[in-house]
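Structure record follows, encoded as structure tokens.
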Amino acid sequence: MTENLSNAAIQNQFEITRYLILIPYTIVVYDYALTVKQEVARFWGTTLTWGTALFYLNRYSALFGTVPIVTEYFMTTNDPTKTALCHAFSQYHTYFALLSQILVSVMLIMRTYALYERNKYILFLTIGVTLAAIIVALAVILTESDVNTLSAQLQAYGCPSPVPHATNLRDAIAWGGMLVFDVMIFSLTVYKAMKHGVRTGSLFSVLFRDGSLYFSVMIASNAINIGTYTMSGPILSGCMTTMTNALSSVVISRLMLNLRNPNIRRLRHRKPTRTTTNMDFATMHENTVTPYLGTDIALDSVWMGPQSRDDWDDDYLTHARTVQES
């Protein structure tokens, strides 16, 4: 696979791969440093639920789980035992990428399920597409031939893993499943926004803004990653995988942090006044809050404080009756 490449070409491609490993990890660490205060203020000390557990798992798996991958590409020893170690690193890299995408997919499924007010058809659709993508990915991983590609020519460059073109095409199909999932979730988000309308400052506007940003980034990143499998050389194939995982982790963490913004939390305390008609407030309540209620990740993200959702609804109904009677 690399016999026709000069040592200079191999080194050049491997250096590019190293940069595409180091840059996304730097983004993860830098973003963590920027947002750790927000995490402490908005997540630490709160009740541990599915929403918070997924947030922590996503955030810290990216922060610490990427370290072995960085080691894989910067380990430049010529020790004879290196071949077995490189194989272990390669296997870890593959399954870590898969698990990272599964984790993000679960969070997006819960988010979409909440946006559609616990619509079971939406839940079945999103889970079905996700399971199909996972099955395809596992089929590709488990049926790949275990070939030692670490030739003497490559040993001085860390753990490069040149892959045959036929295998690259199979990997591209596996990542294509995630691209289909991202496009589907993005389409569902846009449809919901068009149906309900997006008003500046509402909870739904935050959900739509963050969702649009996330899916724009991920669709572009996934498409480029698939392109590296189909159009690049044996060493550069899949070089955007770590970038894709890092970006998905960072953006989904930002999405969760934004939902705990104190300005968004104030929506739960907003009540109608004498100058607000019942219809106006009911519309505000439906368009800005109700579409996102109902799942643990939604309640964990939005409904915070001593009152529960039921308490807030009781307050709303009681106050609405008072306004109507007067």
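Backbone N, Cα and C atoms are what each Cβ position is placed from, and that goes for glycine too.
Given the structure is predicted, the values throughout are model-derived calculations rather than measurements.
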Of 16-34, 92-110, the range TrEMBL labels transmembrane segment:
92-110
Can you check which of 212-229, 230-247 TrEMBL lists as transmembrane segment?
212-229
Check the transmembrane segment (212-229) against each of 92-110, 122-142, 172-191 and return whichever range has the most CB pairs under 8 Å.
172-191
Residues from the same chain, set at least six apart from the ends of the transmembrane segment (92-110), whose C-beta lies under 8 A from its own:
50-51, 54, 57-58, 61-62, 65-66, 68-69, 72, 123, 126-127, 130, 133-134, 137-138, 141, 178, 181, 185, 241-242, 245, 248-249, 252, 256, 295-298
Per-residue pLDDT averaged over the domain 'DUF6533' (19-63), given as an integer:
93
Structural state census, the domain 'DUF6533' (19-63) (DSSP three-state):
38 helix, 0 strand, 7 coil
